[in-house]
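Taken straight from Swiss-Prot:
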| type | residues | note |
| --- | --- | --- |
| BINDING | 95, 96, 97, 98, 99, 100, 101, 102 | ATP binding site |
């Protein structure tokens, strides 16, 4: 039996890895080893067994929610006697830098596409709604990149509002991790999806400084939300490992914003990454990201090697 744990006034059903694994219904995997390699991050050794044990049951749970949502929307259209555009099921996915949000989002997108009821699944990251570096520099916010004030929240909320309203073509700005900046004139077009996954560190934050659109928050548009969690010391280690791997890959590109760090020694690289964590990412985690964890419908608790140790499902 699952145990019940009260987490900051939010009761969760806490399932161990074995309990969660036992919920899986599917007998086959809609993904192979080669496809998995293309989806996982640099230092995330996720296996097909991990996909089968953790991510397939999660996709099955999301399928239950998404199809129930679709039926409700259909019944509402019938009740009001109009052919209103279909409103997609929106999943919010939050968590710290380097915790593995992007891999989780890509895996869920791949798995959810396997159902004919919702084969069109779009993935949008909130990185595209960061202000351009030029704007951040002018406002003295480059060291606050990733903090709530570094995002164009009104634009993100307008985007989500249009998507949720069923607008047929909605554009999202594109962010380049190579240049560490918004790609001017480039957009991702969201066209009548069944499901949209919105991934970003900030998606569950309630930013009370947003005076342009009062009392409206990014999470208001979510039908289900997920928080990917791990101990901070583990996340820091993953962050350092990723930085070192990028030194030998992306940082070698002359167009990379971090090209100047490619020749740091191993000790220097670890010291630099640790400093960035302590002064920026760790501060953001404690001030803005971690406090939102218990607003999520489901928490994936990671242990070593990005393997999930337990799953917490909110009851209210």
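From the backbone N, Cα and C atoms, a Cβ is placed for every residue, glycine too.
Overlay of Swiss-Prot feature records on the structure.
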residue	record	contacts (Cβ under 8 Å, 6+ apart)
95	ATP binding site	101, 201, 227, 228, 229, 289
96	ATP binding site	201, 228, 230, 232, 235, 281, 285, 289, 290
97	ATP binding site	146, 201, 235, 239, 281, 284, 285
98	ATP binding site	235, 236, 238, 239, 242, 281
99	ATP binding site	228, 229, 230, 235, 238, 302
100	ATP binding site	41, 44, 228, 238, 302, 306
102	ATP binding site	41, 125, 199
Relative to the mean position of the Cβ atoms of 95, 96, 97, 98, 99, 100, 101, 102, the recorded ATP site, which additional same-chain residues have Cβ within 8 Å? 201, 228, 235
Within 10 angstroms of the C-beta of residue 101 (ATP binding site), what count of other C-beta atoms is obtained when all protein chains are considered? 23
Taking DSSP as the reference, which of helix, strand or coil describes residue 95 (ATP binding site)? strand
Per DSSP, to which secondary structure element type does residue 100 (ATP binding site) belong, with helix, strand and coil as the options? coil
